[in-house]
Amino acid sequence: MSATPALWTARVILASALGIGIAVVAASRHRDAPPAIAATLAPPVAEPVSPVRQKPAPTPSPAPEAYAIKRILDTGGPIKYGAWFWNDKEVPAGRVVVTVDLEANVLSVFRAGYEVGTAAVIYGADSKPTPTGVYPVIGKDADHVSNLYDAPMPYMLRLTNDGISIHGSKVAFDAATHGCIGIPTPFARKLFGLVKLGDQVIVTRGEKLDLGQSVTAAKRT
């Protein structure tokens, strides 16, 4: 009995086994990698943002109201030292403004734009000059006595914290003060009764006022 058929059969079986193994190995080597699964990501959700509120534009302040001169008292000419005039008849109520012209030696008081009083004044000597500027009345004392000079200062209207004021005084050509504005005492009494705390006093040197003119420094702020 020949061994060839049996050997062939064994080779076939071996070959078949090897073929299967090779096929398995080959298939294993050539297997495609599984397709990557793309991650489906939801877009990020933005947090709600509060709306930015625009601040309203500031309302512009109204233009300051001019203080127009509506009447000037007739004094018949320059006011002499010691003289004064007062006439508030039929003058409407309104804001009070006092002006002082050191060059003309004159004080005027206006109510609602009407001059109701005016008088000659004396003021500070060269060594203690009266300052110019715009001052609110910050104090009133009908019976004031100066603690610096031990002198009566009746119907005092204080303008500054360092002692400058308007008060009753002897008003004469050769008289002067230590910086205050002196006016005839009877006139000072009337002025004291009209002026309130906070009313403006405008002290200038040589600034004249005419009828219809506006007092620039007296504009309401």
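The backbone N, Cα and C atoms fix where each Cβ goes, and this holds for glycine too.
Pulled from TrEMBL, these are the features on record:
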TRANSMEM  6-27  transmembrane segment
DOMAIN    96-204  domain 'L,D-TPase catalytic'
ACT_SITE  His167  active site, proton donor/acceptor
ACT_SITE  Cys180  active site, nucleophile
For Cys180 (active site, nucleophile), what is the tally of other C-beta atoms lying within 10 angstroms of its C-beta?
26
Counting across all protein chains shown, how many other Cβ atoms sit within 10 Å of the Cβ of His167 (active site, proton donor/acceptor)?
25
How many helix, strand and coil residues does the domain 'L,D-TPase catalytic' (96-204) contain under DSSP?
10 helix, 52 strand, 47 coil
Report, in whole Å, the straight Cα-to-Cα distance of the residue listed as 'active site, proton donor/acceptor' from Cys180 (active site, nucleophile).
8
